[in-house]
């Protein structure tokens, strides 16, 4: 009997996760077959190259940007799927075993919901869609349907196989600390977008790198962990581990702590998510334990980086509060990149929007509730940004 290949859809094919996923698939063509790709459209030439190398028909390519779509359609000799719902439409019209959602931001929510509706496994790198959708998203998922791609949550899933749910005492989420580890809040007022784009251990896209610098990314991951593993936020510790070798740890009720350790590369969690629960041989080089290593751990400086504690509060509130946290951050982060606000003001904006969230945030019974909450959060964030920008 021949080996059955898994049919994979890649959403966000031109980004860091998407390109690495395509590398993993190319190295394991006996295991995986790409049946469609989606991207925003900022790199049309790369989309064309990917589609041609994969032998995809035009109708198995989706791009959000209309101008880029026209260029790509011409090159591929047929009309591709285009528009803001392009990725969602691709999911709905393409049969796949696994959909890798590596889109950026809460725009990935529609594709996440479409994947869950289709019955395909969701390899989720787009944490924002889970954070924004919260319990509304998890309620749509079958048991085991969502497979985390984030290295931290992939590590948690691996460690959890060492015991039962009742035996888990605490989850330990590790953070590199970002490029400004050890800096005071006062010093960070001088941070430039260029400095924030330089991560010490990981190669990521611009927004993820900035979110790592503010530790908003770690806040999103804390919220994500409560949803994926149905865990109370107070049972999750966050520790700074500058080497980014240990990706997460689980402490069990008997006092044992199981850690997942590997070099800082996304190829291992990507490969594991694509073929879960099986491991893909040689997904990445292993650590050499015959060489000397020094691993350090230190507490998060909550005064300099309040994003994690803010996320813990948000996770406890549940409902659409996480959607407010994410949407306000997306607007504030973009404002910083455009030079409209200072680096510490990113989290300040998120905090202030959350303080007024009781007026518009609540429990989501429909996707429109999430979208309405996001829209209000963005409007409030931008109003605050406009006030701050006039004082710079």
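We count from 1, first residue shown onward.
Positions of Cβ are set from backbone N, Cα and C atoms, glycine also.
Note that the structure is predicted; figures quoted are calculated from it, not measured.
Among the features that Swiss-Prot reports, NADPH binding site is placed at 14, 15, 16, 17, 40, 43, 126, 128, 205. In the three-state DSSP classification, residue 126 (NADPH binding site) falls within coil. Taking Cβ-Cβ distances under 8 Å and a sequence separation of 6 or more, the neighbours of residue 126 (NADPH binding site) in its chain are 11, 12, 101, 102, 103, 104, 105, 108, 111, 112.
The Cβ of residue 152 (1-deoxy-D-xylulose 5-phosphate binding site) has 26 neighbouring Cβ atoms from other residues within 10 Å, across all protein chains displayed. According to DSSP, residue 152 (1-deoxy-D-xylulose 5-phosphate binding site) is assigned to a helical segment. According to Swiss-Prot, the 1-deoxy-D-xylulose 5-phosphate binding site annotation covers 127, 151, 152, 176, 199, 212, 217, 218, 221, on the basis of sequence analysis.
Among the features that Swiss-Prot reports, Mn(2+) binding site is placed at 150, 152, 221.
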_If you count other C-beta atoms within 10 angstroms, which of the binding-site residues 150, 221 is the most crowded?_
221
_Other residues near the Mn(2+) site, CB within 8 A of the CB centroid of 150, 152, 221?_
127, 148, 151, 153, 154, 173, 217, 218, 220, 224, 225, 247, 248
_Greatest C-beta neighbour count within 10 angstroms, which of the binding-site residues 14, 16, 217_ = 217
*Which of these binding-site residues is closest to residue 152 (1-deoxy-D-xylulose 5-phosphate binding site) if you go by CA atoms: 14, 16, 40?*
16
*Taking the Cβ of residue 40 (NADPH binding site) as reference, which residues of that chain separated by at least 6 in sequence fall under 8 Å from it?*
12, 14, 63, 64, 65, 103, 104
